[in-house]
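The compositional bias 'Basic and acidic residues' annotation in Swiss-Prot covers 7-23, 256-265. Marked as N-acetylserine by Swiss-Prot on the basis of similarity to another entry: S2. What Swiss-Prot records for 1-23, 250-277 is region 'Disordered'. Per Swiss-Prot, repeat 'LRR 2' is recorded for 64-85. Feature annotation from Swiss-Prot assigns repeat 'LRR 3' to 87-108. The repeat 'LRR 4' feature in Swiss-Prot is assigned to 110-133. Taken from Swiss-Prot, the feature repeat 'LRR 6' covers 158-179. Taken from Swiss-Prot, the feature repeat 'LRR 7' applies to 181-202.
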Amino acid sequence: MSKSLKKLVEESREKNQPEVDMSDRGISSMLDVNGLFSLAHITQLVLSHNKLTTVPPNVAELKNLEVLNFFNNQIEELPTQISSLQKLKHLNLGMNRLNTLPRGFGSSRLLEVLELTYNNLNEHSLPGNFFYLTTLRALYLSDNDFEILPPDIGKLTKLQILSLRDNDLISLPKEIGELTQLKELHIQGNRLTVLPPELGNLDLTGQKQVFKAENNPWVTPIADQFQLGVSHVFEYIRSETYKYLYGRHMQANPEPPKKNNDKSKKISRKPLAAKNK
């Protein structure tokens with residue numbers, strides 16, 4: 001362990017410092033950082049831009065953590081013990097290699113921000129209790145492999161930001177209309193052709209709201225409304241005409257558009273040896 005890392009641990013312990021930043025230190029294992037798991041007092045741990053491939057179960061010993069940042073590592077799996085961090089409010093796992101989330105992951109009672117952008121996750125990756133995370137205010141799932149967004153998304157009623165950009169989504173569930181506190185919705189770069197009329201329940205057209213939906217193969221009537229502006233889209237999907245057309249469209253069960261995103265070249269898919277060169 002480098003002297004600087006050792007010094008960080010010692011200073012945090014001696015001065016009772018609540019925040020520890022170990023970003024960009026070439027760390028390949030948390031177990032190599034002697035004394036790290038004895039810092040039970042810390043509330044923030046930043047390990048972004050390292051070379052971690054796993055998170056050891058010992059992470060549960062950092063029981064006062066409120067912010068945990070693993071952005072831009074090579075993490076392929078998480079221990080079930082991560083859900084025992086009951087004070088956690090902000091968890092950043094963006095830009096890793098996760099294919100699945102551990103069972104019990106949804107039992108974090110205070111989690112407000114969950115960053116999972118740029119992994120290898122899909123609708124089958126989520127544990128059964130994932131949508132018990134009812135305290136979530138921001139959920140980032142962009143740059144993953146979701147084709148379907150589970151209907152249970154409607155349980156996350158405190159969501160203000162939902163980012164689903166650059167997945168393989170072929171539809172959105174009607175339950176998305178239950179997210180009445182939503183201020184930002186990012187669905188650009190998917191395979192969406194229609195929007196559920198229930199989306200019209202949401203107010204996403206104001207100056208402080210964000211609705212991004214470009215680069216989708218919309219059916220012509222929706223594409224025409226996008227030419228006029230977002231407010232026209234929402235006005236249209238609230239109309240009886242659209243509700244009728246949407247019903248007909250869903251009954252016909254059309255073939256979904258082909259995938260247009262080649263994700264085989266994603267960094268998160270490359271063998272680790274190739275990535276480290």
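We count from 1, first residue shown onward.
Positions of Cβ are set from backbone N, Cα and C atoms, glycine also.
Under DSSP, the residues of the repeat 'LRR 2' (64-85) split into helix, strand and coil as follows: 5 helix, 4 strand, 13 coil. Per-class residue totals from DSSP over the repeat 'LRR 3' (87-108), listed helix then strand then coil: 3 helix, 3 strand, 16 coil.
The average pLDDT the prediction assigns to the repeat 'LRR 4' (110-133) is 98. Broken down with DSSP, the repeat 'LRR 6' (158-179) shows 5 helix, 3 strand, 14 coil.
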